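Annotation comment: Swiss-Prot describes 154, 273 as active site, proton acceptor. As annotated by Swiss-Prot, substrate binding site applies to 102, 152, 156, 274, 306, 358, with the evidence given as similarity to another entry. Residues or ranges marked as Mg(2+) binding site in Swiss-Prot (evidence: sequence analysis): 180, 182, 183. The N6-carboxylysine annotation in Swiss-Prot covers 180 and is backed by sequence analysis. Sequence annotations record features per position, and here Swiss-Prot assigns site 'Transition state stabilizer' to 313.
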């Protein structure tokens, strides 16, 4: 049980993890907690001769606290400290491979969920983070003091590139700031990516010329391999598009970090979709909470990320959602267990990420969205724009009217 060290004082440079652990019946919590620390750091199933060739005391993970979960039988929050030297600098991939790579299939555990990570400045400073961040994005768009407005083009699959471009134009011309490729729009037989990019670029420039505003469409660069992804991002930049998009969980953290570096070097904003997150994050006792995936994304890089709505068709509890929204946007976030924040997180100077609210929302939700998420957010109305009873153009006019009214009423204290 050398990995269970309740007397250990955590260092400022340690990465700290909070796991929700359900041991198998008959397995003591201390033993299971030590197993989590061992398996996610230097341990293996037996003592090996080569242990003597290194300093395990320097490199091992330590389970330093175990607390029972109130109201749950045989469930514990286990705190583990990992020395900084266990992780490659600037690699979210390596961090997750170490911390959650193997331990979740461990026999001694019935279930295990990573609830939160504390990323020390000594580690976060090795990452570029978001390509631009909230303030630079607003400066690029010249839009301040209100949420930015988006719309996912529907039907998500089946439109030709020309008709897709027409829908983009109608939405942007009416008053939206952004339109969006759906996460599964890549390059299918009915609409190849290059055709889509060209027709969308035409819609962008036409709507910009007519409205005098800067417009964007999240061109999904996600592809089957990294070289193809980069080719699409480069083509988007050559067309003069201001923003591209990536599905960061299906595409992978390595691909995402490569794209984020390209975006910063070339002045592109990066919109991130979290497709597949619920596979990992939805179960309450096993997997990984979305706040951990959100922290990973902020380090890997993205200017927008879908973060739940609190009011639409997709699940999201208010306090917990606001907890990880703050972890995305703010510099310094205090520990607050009511909001699911297990550790105080200091991002130092890393740029923030704008949370995107999308999924079953429409203009009637705007006052609630403005109140809950504030100005630094992007509500996205796909069906709420394209499903307007009078047509797409009136739908896209309704959204800016709703947001301006909501912001004005809030600012006047009504």
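Glycine is treated like the rest: Cβ placed from N, Cα and C.
Feature map: Swiss-Prot annotations on the structure.
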residue: 102; record: substrate binding site; DSSP (3 states): coil
residue: 152; record: substrate binding site; DSSP (3 states): strand
residue: 180; record: Mg(2+) binding site; DSSP (3 states): strand
residue: 273; record: active site, proton acceptor; DSSP (3 states): strand
residue: 306; record: substrate binding site; DSSP (3 states): strand
residue: 358; record: substrate binding site; DSSP (3 states): strand
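The two recorded residues residue 306 (substrate binding site) and residue 273 (active site, proton acceptor) have their Cα atoms spaced 6 Å from each other. The Cα atom of residue 273 (active site, proton acceptor) lies nearest to that of 183, taking the recorded positions 154, 180, 183 as the candidates. Within 10 Å of residue 182 (Mg(2+) binding site), as judged by C-alpha distances, the binding-site residues found are 152, 156; the full candidate list was 152, 156, 358. The CA atom of residue 154 (active site, proton acceptor) is located 10 Å away from the CA atom of residue 180 (Mg(2+) binding site). Sparsest Cβ environment among the binding-site residues 182, 183 (other Cβ atoms counted within 10 Å): 182. Across the structure, residue 180 (Mg(2+) binding site) and residue 152 (substrate binding site) place their CA atoms 5 angstrom apart.
Here the C-alpha separation of residue 102 (substrate binding site) and residue 183 (Mg(2+) binding site) works out to 29 Å.
The number of other Cβ atoms within 10 Å of the Cβ belonging to residue 102 (substrate binding site), over all protein chains shown, comes to 12. Around residue 156 (substrate binding site), the same-chain residues at least 6 positions away in sequence with a Cβ under 8 Å from its Cβ are 182, 184, 185.
Note: the Mg(2+) site is recorded as 180, 182, 183; in the same chain, 152, 153, 156, 181, 184, 185, 218, 220, 245, 273 also have Cβ atoms within 8 Å of that site's Cβ centroid.
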